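Notes to accompany the following structure.
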């Protein structure tokens, strides 16, 4: 039907439009079908002007025609490239032209209002022009349905991947969201309401006026659109229904269903089934157009399309809440967006006006001046102005502002809905959508919406907004169903009308007034004034603000209103700008957004202010002292999570930051940044008093202390120092405040130190030699970096930070570093690693770091047990040790060495070297001291460092890490121990990376260590005041040993102690002559035969000097012949490395033979008269790795020692050198520059005709080279060059003292020095007289040596005594070898078996006898063979001494005893052992094999002997516990039998009594004397007598003698115990600490017994069996509880009621739930509180989606264990439950209860009618539950006899 009025308007307005904008003439067609959904074709007559093509620069998109007049035509034109201006003003009478921006598609030339719509647009093959206007004024007449026919066949939208067509323009879209976004362009809100009746030109500005016009003029009832947000009126219901379809983007192709909810639309499509899909195309094409209109009769199951068709029912609210956003004022929002775009970006709240930017210090957008509270918000906002290509969707090319939004968008496009509802089939992309679904669909499950909404009529509260709206409809429907009589509201009028028309007529006729109707579409109420109507109209809104008059029906608007806050009574003014407001919410929002950089967060406790709220929260913790963040691996706590994340790196072994220059690796990025300053030369910190510069602030702070005075002073002795750590060390060493600093013993000798760094330096210098330091300017080498620093400062004049020195010597240092980095040219296949000189830092600082040294004394008390354990056992990798000083000092300033204990790790078997070289090609490189040591693979990859040390968390950057370099290849042994351990260390270090980790981290040794720590922690709890220790009198008497401090409560134990264990009753063996004491008879006999001084005096006829030579003397001629024929011994490679590079290699004596040359550092720098004589080198020679003195038997391994010996202390040359033959050694001839040769003779001797004996051939004398500036002289030019290169200590003109190294610039100073220091000095006149022993012929030059000789040889004094037992000896090396039996330190392992030895000689003898089995000495009288000469001597003395009376019948051997003959027969003529009587004869067909090593033995007896000797059963002699290998036994002895150690010295004892005795004898006596230092330490007094002491262990032992004992009481409760471990475990109940963790699950507990009890869960063993029914369980408590089911016993009764139970925990739960009101356990997700933790855990399962209980038959999952047990009965035929009143049976109990209630209602208690078949076995959960498909963890190893 055509509207003539509108057609005439368009016809008349065509010319005006042409004149207005002739360039943009796009003639619209006559709107004959205005208001109808359908495409509009642009047609024009042939005689008229042809329309212009759609220019991309200017495209007419929308045209809205109104019916008021020809001049009110609004044209909306969107211009992309330019702006359009209207024509002449006179031609545009009343015409409005609005120019906005447009986005168009270049392919189909379709335009869009927003770029997002263009991004989701998909072009079709045919050009489709958009509809000009969708919401034009509708008409009330019957509309032809042909205009609504679908254009073309529709694709099946029921398929998941089928496109969705737009119902207006038929454009297809893949995604529903794209269709909905596109559908918005068809909606426009009308500005004028026109009359829908034909021929009527009435229009009104408001809807009410049109409604009154229709009723009064046309007598028609207006039908409003039932869609929310649409204000249009229609003349008939059919027109309204037809229009309402235009509001829904989704239309069903099978029926008239439509909607805007994607989920409901998909569900409706699935309801048609798959059969309708195949007939879709034909059905749509042949579908009559009337099907789209509402029919009178609909098919069954379909309801009339109404508001309910698109609005979900209560409980069906959309997850995305699309209906609430689109159906409620959606057209108003869209039009507002268009208006915003047309008018430009408006200035929103919080934006900064131009010119006022300086007032605000905040996160401000530079483009739109918008402000944000956080920088992250600004960064996300900037993506709007500057799109990030990485945040662009690859499918629709749409840009996003964050990765999370892009991820959500991609998930929506892919249709992946990861969040699923556990109660229904709903799924969503986002978690919030699922929460909204749970709140709307499952009200009682989720508490996502915490708001409540009250009904404005009856004040009833609702949790869901939709429920409130439905409730409001009931009030409206009730008012409409029962209309109340209408009373006249005029004063004095009592008229009452039951009819609405009569009431209106009465008001109009009688009072002349007009009633105001309620604006609500379904409310019939009338009011006298508009104000009363408006007040009533608010009652139709669902949401009312309680603080103001605001009311609305949109929940989101209501929430937005509440967030905006309400004005208060006080005006709030901003302190940074003129802003003022009464609204506190607006004020906080303004300050947070506009002044984010200002310090707006003030501390209420102090004056602290900050710009960040997180910083304020962290600052407030300073006042409270709380540290909420705690490390799970140690006791570290901090205030901020960022500190914790940095601290966690200390527990990690990964070092991700590596320096590319030197290989330095670290865990912290900042450390690497600071380290890189060295390579860049960035010495940013400079001293203001000198030229010192460095790259670290802490180094500068330490340096500045040099220029300051000693500001710190000791209060006790007035000791002054500069650094705090120096004062702390002084107090610890001198005055012992509290616990003294622990002693760090050396692992290889008896050296001890209270400073760990000194110990590490000692071990490196004396024993390990793992790191060697080289001077880059000369050939100086040392094993101490401090000594290297002193060398550079003394010889080369180096000072840290001296720029002049660095500039002059930089090139030399670099050259020396390159030479050191170059690999050795003569490296053989063994690839020996030579130590590399360390590149010294230019800012090298000798002063130790004050921060670390300051921290060390604080941790001494805590770390002392760990350090002691670290001495005894290897540290685990995952344990954090004490601060690694190697990591603290950087660049080689300090050295931290940890010796690897390979023999203490039996689980890591080292690979053989052959397998190691086959499996991985390892390239040995020169060591870099500044980087880690690693192995390089062929691909260039670098393996992790073999040895590194973890650092602990420090508050500031105090140091950088420095990895420790281990020696991988064995060098010529400086120390035999190191040469033996180096290969094993290397193998173990490499295989530690390849061998898989043990299956569980909680080893038995770790648990024992934690138990010991728990015992020691009890003392700390006493000091903290959390535990009170009291002494109580025990029951019974105590028995004390009269000879020692042993005390016991059992008389039998005292008797046993007196017989065997008392050390005081053992009487020593005394020598009758001199009184020396011995423990064994053999020692006494040896002493009386050879060493007793009294017997030696009696038996001495003439004084004969005792020759200390080990070998027998040879005749002189034989000695000379041997000397002439002896070949020069080969030199070790260690001596070869000492040669300088310019030394010639073609020396006499054969290739490869090089003699060690004494360097100037080995000789004392003295004047010529005291320097080394010319013939010094003749007096010693080098043989078999040792330097031998040619005049006596002295030998050593160092060149400096032999030089000092032959120069000063050799006494053999004076009286014995002519009686002793000396071997001949070759001389080394070095060519000089002048062509001569200087013969350096190292002890060569020849027979001279002028001397009968061996004489010394005079050395060929050459020219002496002298230093021009000092008295130094030498015979070789190279030595002089080295002396000058190192730096002469004297300057030209300095004078040198001849008696000491003193130098002076003037002669007067030298004379004064000699007068003071050497007043009686006179030139030496001949040798000093020798001192001679009066008891023997011993002579020496020093009185100290003579005194020591008398004490050792004649007085029997043994100065070296073992601290662990009574062993004493005269030799220190014997003591060290003996102590290794106790400590295990220094033991030399055998490479073929796990045995260890204290000396190399015993190791060699062991290898000869056990492994090689090749005897070297033979008895000449029989077949006996041995491995030492002493074996043959002992055999001859015992078996062949005297007259041989026993002869062998099978050979000619004769013996002096029958026992020797039997041994010979068993050894030489073995016979098979006859079988014993009564035993079957063993038939042995061939040799017997050893099960351990596979050795073939001829007889069982030999096999038993072999097993007893070669594979002994290692058993502890104290506790008879057996071990698989020697290291395990040593570890056991160390841990258990020497576990009592003195805290003041290195003493250790097996039993506590020995330690008590040691304290009484050594420390208590010395501490009883009063002193100033001990005045502050109170004595410990006995509560029963006057005894006092200073050590708690002594007091405990004394109190035990009174029969008393200690009792520990908890201060928080009434718990008390005598056990220290138990009080520690109990205290954790109050603190919540749970250090014991299960390695198979997340279980943690406070004591190890609970952990052991818990570990049975992971085992399948069920060792407790019920004798009645065969029930098996894992715990005895389970069995006890089960037995009560058979006995019916319920011993636990509630004291407050009659409740009884058979379980104590059930009674506890009953009392907590029934008789307590406190609900201490709260759910963090929903806020519900519970009385017990079990109920809370049960409740938490509701929030989780996990269903851990899976049936092993059908794989059905259950959330509860009971559900699985009940379900398991469905797979069986058993019916265990039956009715006692009839024959009914069931599988579950509740079924029988339900049966009794239904069929036996007379039964009072239905549970009494339920019975259970006792023959039916109980369904156990482990029998029906499906186990985890992952491989089970290996069972934990047995921990002892308990299992």
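Using N, Cα and C of the backbone, Cβ positions are placed for all residues, glycine too.
According to Swiss-Prot, the zinc finger annotation covers 164-186 (among others), on the basis of sequence analysis. Remark: secondary structure over the zinc finger (164-186) totals 11 helix, 4 strand, 8 coil, with classes taken from DSSP.
Positions annotated as region 'Disordered' by Swiss-Prot: 294-357 (among others).
The compositional bias 'Acidic residues' feature in Swiss-Prot is assigned to 318-329.
Per Swiss-Prot, compositional bias 'Basic and acidic residues' is recorded for 330-340 (among others).
Annotation note: residue 354 (phosphoserine) sits in a coil segment as assigned by DSSP. Around residue 354 (phosphoserine), the same-chain residues at least 6 positions away in sequence with a Cβ under 8 Å from its Cβ are 369. The annotation phosphoserine is assigned in Swiss-Prot to 354 on the grounds of similarity to another entry.
The zinc finger annotation in Swiss-Prot covers 453-475 (among others) and rests on sequence analysis.
Under the heading zinc finger, Swiss-Prot lists 543-566 (among others).
Packing against the zinc finger (601-623) from elsewhere in the chain are residues 639-640: each is 6 or more residues past its ends and has a CB under 8 Å from a CB in it. Taken from Swiss-Prot, the feature zinc finger covers 601-623 (among others), and the record attributes it to sequence analysis.
Note on the zinc finger (629-651): mean pLDDT across this stretch is 89. Here Swiss-Prot flags 629-651 (among others) as zinc finger, drawing on sequence analysis.
What Swiss-Prot lists as zinc finger is 685-707 (among others), and the listing cites sequence analysis.
The zinc finger annotation in Swiss-Prot covers 744-767 (among others).
Swiss-Prot lists 794 (among others) with the feature SUMO2 cross-link. Classification of residue 794 (SUMO2 cross-link) by DSSP places it within a helix. Packing around residue 794 (SUMO2 cross-link) is summarised by its Cβ count: 12 other Cβ atoms lie within 10 angstroms of its Cβ, all protein chains included.
Summarising the annotation, Swiss-Prot assigns region 'Disordered' to 819-888 (among others).
The feature compositional bias 'Basic and acidic residues' is assigned by Swiss-Prot to 837-846 (among others).
For 1103-1177 (among others), the entry in Swiss-Prot reads region 'Disordered'.
If you look up Swiss-Prot, you'll see 1157-1167 (among others) marked as compositional bias 'Pro residues'.
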> For the zinc finger (1664-1686), what are the same-chain contacts with Cβ under 8 Å, counting residues 6+ beyond its ends?
Replying inline: 1653, 1656-1657, 1702-1703, 1818
>> Helix, strand or coil for residue 1747 (SUMO2 cross-link)? Use DSSP.
In response: coil
> What are the non-local neighbours of residue 1353 (SUMO2 cross-link), defined as same-chain residues 6+ apart in sequence with CB under 8 A from its CB?
Replying inline: 1091, 1093, 1333, 1335, 1336, 1338
>> Distance check, please: Cα of residue 1402 (SUMO2 cross-link) against Cα of residue 794 (SUMO2 cross-link), rounded to an integer number of angstrom.
In response: 45
> When a 10 Å sphere is centred on the Cβ of residue 1402 (SUMO2 cross-link), how many other Cβ atoms does it contain?
Replying inline: 14
>> Among all protein chains shown, how many Cβ atoms are found within 10 Å of the Cβ of residue 1747 (SUMO2 cross-link), not counting that one?
In response: 15
> Just the number: how many Å between the Cα atoms of residue 794 (SUMO2 cross-link) and residue 1747 (SUMO2 cross-link)?
Replying inline: 76
> Residue counts in helix (H, G, I), strand (E, B) and coil for the zinc finger (1446-1469), per DSSP?
Replying inline: 11 helix, 4 strand, 9 coil
> For residue 1402 (SUMO2 cross-link), what is the secondary structure by DSSP, using just helix, strand and coil?
Replying inline: helix
>> Treating G and I as helix alongside H, and B as strand alongside E, what does DSSP give for the zinc finger (744-767) in helix, strand and coil?
In response: 12 helix, 4 strand, 8 coil
> With DSSP helix as H/G/I and strand as E/B, how many residues of the zinc finger (1608-1630) fall in helix, strand and coil?
Replying inline: 11 helix, 5 strand, 7 coil
> Helix, strand, coil residue numbers for the zinc finger (629-651) per DSSP?
Replying inline: 11 helix, 4 strand, 8 coil
